[in-house]
C-alpha cells in the first residue's frame, strides 16, 4: 500500500490527527503527506500537512498543492479567491511522484469524500480512482456516525473504490452508550474493519508522546498494535 487516501464522513472529525498517527506508526519508513487543498489559512500559516509532520516526526515530507484563504469547500474557496482549483489529475500526479521517493504517501482530503474540488464536480474520489488507491475513512464516535459512515462506504463502492477501513478520529475518555456500541457497529456499517480508535485530545500531546502512543491506537494494517475489530 504505497498510497493511502484519507477521507472522513465530515469535517472537523480528526482526519489530520489520524493521518499523523498513521505517519507516526510508519516510523523507519519514508512517509509523505499530501494535502491537495488547504482552506481557511493565509500564506505562512501552518496547515494540516505541516501539523502531520510536526506530530509524526522528521521522516515525514509535507506537501500542499493549493491554499485558499476562506474556510470553505475547495471549489467555492478557489472560485471566490479567483484562483485555479485543484484537479484530480494534479493530485494523482503529485502522489505518484511522491510514491517514487517514499514508502508511503498519505493523501488527506478536505471535508468528506464528495466535497468538490472544482466547479465541474471533481472530488477526492476521482483522485483515488486515478491512483487506484484504497481509502481510509475517519468517522466520529457518537450518535449519527453509523449512517454517515455507511453513506461514505456506499459512495466508495459505487465508484469501484476500496474502503481500507474505518478509524474513529476522537474517542472520549468516558464514552457514552452510543459511542461504546458504535465501536462494534461501525465495521458493519462500513463493510470494512475498524482499524483504529484515536483518543480525544491526541493532537494536544507533545510530539514525542504522540509518536510513542500512536501505534497503540491503530491496527496492524496501519502499522500499529491495536487488535483489529
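Just so you know, the numbers here start at 1 and follow the chain as drawn.
Positions of Cβ are set from backbone N, Cα and C atoms, glycine also.
Since we're looking at a predicted model, the values are computed, not measured.
Under 8 Å, Cβ to Cβ, and six or more positions away along its own chain, residue 108 (Mg(2+) binding site) finds 6, 15, 16, 19, 33, 34, 35, 48, 49, 52. According to DSSP, residue 108 (Mg(2+) binding site) sits within a strand segment. Among the features that TrEMBL reports, ATP binding site is placed at 12, 13, 14, 15, 16, 17, 48, 108, 109, 110, 111, 169, 170.
Annotation source TrEMBL lists Mg(2+) binding site at 16, 48, 108.
TrEMBL lists 35 with the feature active site.
Annotation comment: TrEMBL describes 39 as substrate binding site. Its own atom aside, the Cβ of residue 39 (substrate binding site) has 21 Cβ atoms within 10 angstroms in the protein chains shown.
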Intrachain C-beta neighbours of residue 111 (ATP binding site), sequence separation six or more, cut-off 8 angstroms: 8, 10, 11, 73
DSSP state at residue 48 (ATP binding site), helix/strand/coil: helix
Cα-Cα distance maximum in Å, computed over every pair in 12, 13, 14, 15, 16, 17, 48, 108, 109, 110, 111, 169, 170 that the record assigns to ATP: 18
DSSP-derived class (H/G/I helix, E/B strand, else coil) of residue 16 (ATP binding site): helix
Cβ neighbour count (within 10 Å, all chains shown) around residue 48 (ATP binding site): 21
